[in-house]
Amino acid sequence: MKLIIGLGNPEARYSNTRHNIGFEAVEALAAAFGAPFSKGKGKYLVAKIRHRGEQLMLVKPMTYMNLSGHAVVAAMNFHKALRSDILVICDDMNLPSGTLRLRSKGSAGGQNGLKHIIESLGSEEFARLRIGIGLEEKPQGGYSSFVLGKFSTDERNVMNRTLEVCTEAILDFAVNGISHAMNHYNKPVS
């Protein structure tokens, strides 16, 4: 069993924002399998899919991004998941738009959702998939206005293709492990 956690903010006003690309990733995978989200045993929504004999629990924390660790711990406890079973998906403004970066462990790198998960788990030892949202220069309104901003039409086109590849990367992780997925998907989406 794998726990695939897409990070985002739960309110409708955050829909289609750069910061919610993690939600979009798990939503795209759930849609591809026709799996609906329902309330989990904690502050999260969950959809269940099966791929090549592997069960995947797709999780959307219903806490704000900066408190994602609470939902992750609740989901891990309920589903009896180990850190090696989880993949956390989030935005990364330091990666070019449309670039995927899988890692088996590491720091938060300035991503507050990851930071809270690391604090809550007491460890950086879990896989993550960062999706580049392409900050090219310091935004006038500050970093939070950038990540909480909506995608432009051009950005949305790039993200739609990126989400297709992201779905493949998640399934590869679930079946073949993080090292295999890293070797195949750590590159810009073309």
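Placement of Cβ uses the backbone N, Cα and C atoms for every residue, glycine included.
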Since Swiss-Prot lists Tyr14, Tyr64, Asn66 for tRNA, which candidate among Asn94, Asn112, Asn157 does it give for that site as well?
Asn112
Restricting to the same chain and to sequence separations of six or more, state which residues have a Cβ under 8 Å from that of Asn9 (site 'Discriminates between blocked and unblocked aminoacyl-tRNA').
Thr17, His19, Asn20, Tyr64, Met65
Most Cβ neighbours inside 10 Å, all chains, among the binding-site residues Asn66, Asn112:
Asn112
Which one is it: of the binding-site residues Tyr14, Asn66, Asn112, whose Cα lies the shortest distance from the Cα of Asp91 (site 'Stabilizes the basic form of H active site to accept a proton')?
Asn112
Just to be sure I understand the packing, how many Cβ atoms besides its own are within 10 Å of the Cβ of Asp91 (site 'Stabilizes the basic form of H active site to accept a proton')?
26
